[in-house]
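S.K.: From Swiss-Prot, for reference:
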SIGNAL    1-25  signal peptide
CARBOHYD  ASN27  N-linked glycosylation site
CARBOHYD  ASN32  N-linked glycosylation site
DISULFID  CYS46-CYS68  disulfide bond
CARBOHYD  ASN52  N-linked glycosylation site
CARBOHYD  ASN55  N-linked glycosylation site
DISULFID  CYS64-CYS105  disulfide bond
CARBOHYD  ASN69  N-linked glycosylation site
DISULFID  CYS81-CYS110  disulfide bond
CARBOHYD  ASN83  N-linked glycosylation site
CARBOHYD  ASN97  N-linked glycosylation site
DISULFID  CYS100-CYS119  disulfide bond
CARBOHYD  ASN113  N-linked glycosylation site
Amino acid sequence: MHSTIAYVFVSALALFAALHGSTSARNHTEDNSTEYYDYEEARCACPARHLNNTNGTVLKLLGCHYFCNGTLCTAPDGYPCYNLTAQQVRTLTTYPNTSCAVGVCMKGTCVKNGTMEQCFKTP
């Protein structure tokens, strides 16, 4: 009787393992795979500082690079940005006093799209 119960239990356990796989084997495969895990994206997972505007449109990055946990991160292509001079950046305040060139990030550069808007630091 005991051997029958043991046999049924072991068979059920084997069937479960076959259907669902071993947890340790599955985790091991996922941990070593770079196909599904973007390490660059993980290092750049903190929020980037954006500038506000008076138009009520989406907040935009100042340029296309930002630091996150000691890593220089690049915004993805097509991401909205402001293209400002160093002098404009130094004079930014928390109220709208700067006319900012609007653009989109392309390969790490904020490419102007010909429009301007008042931008300012978020409080």
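For all residues, glycine too, the Cβ spot is worked out from N, Cα and C.
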S.K.: CYS100 (disulfide bond): which of the recorded positions CYS68, ASN69, ASN83 is the nearest Cα neighbour?
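M.R.: For CYS100 (disulfide bond), the closest Cα among CYS68, ASN69, ASN83 is found at ASN83.
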S.K.: Across all protein chains in the structure, which of the disulfide-bonded residues CYS68, CYS105 has the highest Cβ count within 10 Å?
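M.R.: That would be CYS105, with the highest Cβ count within 10 Å.
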S.K.: Determine the Cβ neighbour count for ASN55 (N-linked glycosylation site): the number of other Cβ atoms within 10 Å of its Cβ.
M.R.: 12
S.K.: What count of other C-beta atoms do you get within 10 angstroms of the C-beta of ASN83 (N-linked glycosylation site), across all chains shown?
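M.R.: Step by step: centre on the Cβ of ASN83 (N-linked glycosylation site), count other Cβ atoms within 10 Å, giving 20.
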S.K.: Cα-Cα, whole number of Å: CYS64 (disulfide bond) versus ASN55 (N-linked glycosylation site)?
M.R.: 21
S.K.: Filter the disulfide-bonded residues CYS46, CYS68, CYS81 down to those whose C-alpha lies within 10 angstroms of the C-alpha of CYS105 (disulfide bond); answer none if the list is empty.
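M.R.: The disulfide-bonded residues close to CYS105 (disulfide bond) (Cα within 10 Å), listed in sequence order, are CYS81.
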S.K.: Near ASN55 (N-linked glycosylation site), which recorded positions out of CYS46, CYS68, CYS81, ASN83, CYS110, CYS119 have their CA within 10 Å?
M.R.: CYS119
S.K.: With Cβ-Cβ distance below 8 Å and at least 6 positions apart along the chain, what are the contacts of CYS46 (disulfide bond)? List them in sequence order.
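M.R.: The answer is CYS68, ASN69.
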